[in-house]
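*Asks:* Take a look at this one; I'll ask things after.
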Amino acid sequence: MSAGDISAINIKSVKKNRRRKKRRTADVSSSDSSSSDPSSESEKEEIQNGAIEEHVGENGKSDHVFSKGNDEDKQEDIAIEVSDVELTDEESKDLKLNSKEVIDDLTKISLSKIPEPTKSQNKEGFMNASKIAENIKLAREEYNELAENFVPKGKDKTKLREEYLNLLFENYGDDINRLRAAPDFTNKSLSILADALQEGIGMFDIGELELVLKNKEMEN
């Protein structure tokens, strides 16, 4: 072989080697893309369905946790809350009636649980209060009767009143005489004066009159 033939063979072998290298790199890139495509597509789908959260584990590797359907759940919760608030007039009336019926039923149950002795005790207490009021009324009537019929020892009411009038004339006799000597003093004026003195005596009970007269006697 000549030198030209050898150089031509070398050029061909170099070209073949270059083609083999290109095929290998193409195969490697295609295998990488094929192996990475499913994961990327699945990640895209999972990202569309929910949010990706990255957590670092104990071995230092990052794990991806997918929380699916958060937005959809929130939308459902919001829809439920709105539907709970938005009630029609008829539904609100029915709700009020039902609650009232429940309260009435609970009240009936509570009343039915009251023992019978409690009811009888209340009845006895009412009867006792009425009896006490009646006894107070009777005692008051008896007291008024005793006060009206009370007579001091050795003296009656008329005599006590006369003694009290004499006591008044002794102390205020000059004033009474001046009134009687006035030019406008008449028999009518005399009766008015007598009535006034009698009413003054009525301000005291028998015991008080007796005490006043007794003190006056002790002074003399």
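Note: Cβ is positioned from N, Cα and C throughout, glycine not excepted.
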*Asks:* Test of record reading: of Ser13, Ser99, Ser112, which one does Swiss-Prot tag as phosphoserine?
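*Replies:* Swiss-Prot annotates phosphoserine at Ser99; the rest carry no such entry.
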*Asks:* Going by what Swiss-Prot says, which of Thr25, Thr88, Thr186 is noted as phosphothreonine?
*Replies:* Thr88
